[in-house]
Amino acid sequence: MEKIQQAYLYMLKVEKQFSEHTLKSYHDDLEQFNVFLAQEHLDLNAFEYKDARNYLSYLYSKNLKRTSVSRKISTLRSFYEYWMTQDEAVVNPFIQLVHPKKEHYLPHFFYEEEMEALFDTVENDAKKGLRDRVILELLYSTGIRVSELVHIKEQDIDMTSPGVKVLGKGGKERFIPFGEFCKQSMERYLASFKPKLNSNHDYLLVNMKGDPITERGVRYVLNDVVKRTAGVTEIHPHKLRHTFATHMLNQGADLRTVQSLLGHVNLSTTGRYTHVTNEQLRKVYLNAHPRAKKEN
């Protein structure tokens, strides 16, 4: 990998504070671009708009989803913009390249009874249930990203006005409240689970060795919980974020509030969560339409 590409990734890590998962995606996008350059005997310094169009065709030939292609093009556009700030790249060959239209999809989420089943599973785990419950509670009760979760320190938790302070994308800080269930789980965890592991750091969540838990560790915990929960087959941290947003909106929270809680810059990003379940649609219809119910 070229030095300028390494410098770009370092900037994303240090200045933008991107998560490990996001950094890996950017790294892989650049590596795939480098493979194309080598195959086509092209020079990074002499890459032009026509070459960018050819690269777009190359990506489509790999049968990638439009969302994946769009992200890879965004990575390279951003990389060249960074390069130009270093007074090395003269032009950005991707600046005029039209983004492929993204596929529209409804975010997957859990129903409330599925969430209760997950909580029942961790409640019955005597060994590590207290820790796993806090992970579930924080992800579901606050909608935070897994990258934000693993960086929470004990001093970021406020038990007086229950909530947590997190550092989001771009180093932006926000405070998210949580309820009594989450508060009680946190108190039990801090009182009886974490002290037994003799942790010599102030990160909130730990693995079974007492070290700060990683994003991979959180995913492992969630997958383990799902394996032991009847009727639930798939889970990932972002699905809990989707669930938080969906349940908040279905219960009447306004879009701007949810945007603020999620840490979204654009309201349109939050807007995709305005899908509702069929049960919610029927509930609203029955309560709102004058001819939905027949008087006896």
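Glycine is no exception: its Cβ is also placed from the backbone N, Cα and C atoms.
If you check Swiss-Prot, you get these features:
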| type | residues | note |
| --- | --- | --- |
| ACT_SITE | Arg145 | active site |
| ACT_SITE | Lys169 | active site |
| ACT_SITE | His238 | active site |
| ACT_SITE | Arg241 | active site |
| ACT_SITE | His264 | active site |
| ACT_SITE | Tyr273 | active site, O-(3'-phospho-DNA)-tyrosine intermediate |
| DOMAIN | 1-84 | domain 'Core-binding (CB)' |
| DOMAIN | 105-286 | domain 'Tyr recombinase' |
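Sorting the domain 'Core-binding (CB)' (1-84) by DSSP state (H, G, I as helix; E, B as strand; all else coil) yields 66 helix, 0 strand, 18 coil. Tyr273 (active site, O-(3'-phospho-DNA)-tyrosine intermediate) sits 10 Å from Arg241 (active site), taking the Cα positions as reference.
In terms of Cα distance, the active-site residues that sit within 10 Å of His238 (active site) are Arg145, chosen from Arg145, Lys169, His264. The shortest Cα-Cα distance from His264 (active site) to any of the active-site residues (Arg145, Lys169, Arg241) is found for Lys169.
Annotated pair Arg241 (active site) and Arg145 (active site), C-alpha to C-alpha distance, rounded: 7 Å.
Here the active-site residues are Arg145, Lys169, Arg241, Tyr273, and the one with the most other Cβ atoms within 10 Å of its Cβ is Tyr273. For the active-site residues His238, His264, the largest tally of other C-beta atoms within 10 A is found at His264. According to DSSP, His238 (active site) is assigned to a helical segment. Of the recorded residues, Arg145 (active site) and Lys169 (active site) place their C-alpha atoms 10 Å from one another. Looking at the domain 'Tyr recombinase' (105-286) alone, the prediction's average pLDDT is 88. Tyr273 (active site, O-(3'-phospho-DNA)-tyrosine intermediate) carries a helical DSSP state (H, G or I).
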